[in-house]
């Protein structure tokens, strides 16, 4: 089944002003202007962005459940579930670690914090105390135990991605194992997919409003001028993320037979939504629909993307090591090679608990610094004011990384329709594909 969130008029393509990406661009520009010239009004528009993100979160759990459960139920070889998950985790581990190393290398080369000579004792630790407390409350054991929900209803009520994914995988396996007895349930879930994704399409029409409110609030509250003093750090992070996407992920894409720029062009509407809301979670349903439409099998999409939202956060990983070394440089703390290796190892573990929501990267950084004694947690006060401006880049890089991972794993598993994928990358797919609920064959 393929889902489109765009409706084309009969007899031709959509006019440019009706494309979601154009509307979101206009909304972002409008939000920046309003927040800059009327900051108080901009701050007051925060509920618009918050409301849109809540609307999207409302449907994330059903989308994941339906996609994963029906995808696994239709697998004839249940061993493939473990194989897909295993390959995805290997991919995540390799490229998440590479992102951490890239951030560390760039920070050592460009030294964005050098010359600031900040005395850590003069920093206001209270400003980051809440983030440090949240980080302190998070442990690896607690994170792993939290994947198992207390109740099925609780997982859906909280909208916890990993808990919903955990139950969905088990339920899909159970459906496949009961064979024909589970076929009516599978067909019902398949039919239910159509209205749920139609609901997603309806909610996406509010994306420009959400992006406008979120951007107006960001500029109104923090101001464009607030980034001037730390512009070098922001520029370094954006440049590093761009190079990671174009060179590292671009190389992975080329090795697997597609262009990273073509993929970015294909998911441009979702990327603009991430840019406007600073949350990759806001575009999760759209990404899942787009990747399935591009020819990736539902079983792969359903396993890779939701898992990647916790285990494949390239942008967050670049930010963590880059920001940690920036704080050390700014406070004149010399980190030995051993200190940096310790920082890398701790970051490899703490980054796995980061979620795709705004501010999660900052909390994860606090978790890392609280374990590494050499770098003061209070130093995070230096970047607290500009973190919001780096959040967009983190979310965009995370999002592109998960899109690439989905294609790569699908190709490894021979679960990628090459003809359909090439058409998607060339922009040759029709603008509207009817949503049809087709029965999914169950495993015997």
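Even glycines carry a Cβ here, placed using N, Cα and C.
Sequence-distant contacts of the transmembrane segment (19-39), counting only residues of its own chain at least 6 positions beyond either end whose CB sits under 8 Å from a CB of the stretch, comprise 5-6, 45, 204-205, 207-209, 211-221, 223-224, 268-269, 272-273, 275-276. Marked as transmembrane segment by Swiss-Prot on the basis of sequence analysis: 19-39 (among others).
Within the chain carrying the transmembrane segment (55-75), a Cβ under 8 angstroms from the stretch's Cβ atoms is held by residues 81, 155-156, 159, 161, 164-165, 167-169, 171-173, 175-176, 182, 186, 189-190, 192-193, 196-197, 199-200, 203, 206, 210, 281-285, 288, 292, 297-303, 306, 440-443, all 6 or more beyond its ends. If you look up Swiss-Prot, you'll see 55-75 (among others) marked as transmembrane segment.
As annotated by Swiss-Prot, transmembrane segment applies to 90-110 (among others), with the evidence given as sequence analysis.
Feature annotation from Swiss-Prot assigns transmembrane segment to 161-181 (among others). If you look at the transmembrane segment (161-181), the same-chain residues 6 or more away from its ends with a CB under 8 A from one of its CBs are 60-61, 64-65, 67-75, 78, 81, 146-149, 152, 154-155, 281, 302-303, 306-307, 309-310, 355-356, 442-444.
Counting only same-chain residues 6+ beyond the ends of the transmembrane segment (199-219), those with a CB under 8 A from a CB of the stretch are 3-5, 7, 20, 23-24, 26-28, 30-32, 34-36, 39, 41-43, 45-53, 55-56, 59, 63, 272-273, 275-278, 282, 285-286, 289, 388-389. As annotated by Swiss-Prot, transmembrane segment applies to 199-219 (among others).
Under the heading transmembrane segment, Swiss-Prot lists 230-250 (among others), citing sequence analysis as support.
Positions annotated as transmembrane segment by Swiss-Prot: 343-363 (among others).
Taken from Swiss-Prot, the feature transmembrane segment applies to 366-386 (among others), supported by sequence analysis.
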Distant-in-sequence neighbours of the transmembrane segment (90-110), which means Cβ under 8 A and at least six residues beyond its ends:
236, 240, 243-244, 248-249, 252, 307-308, 311-315, 317-322, 325-326, 329, 340, 343-344, 347-348, 351-352, 401, 405, 408-409
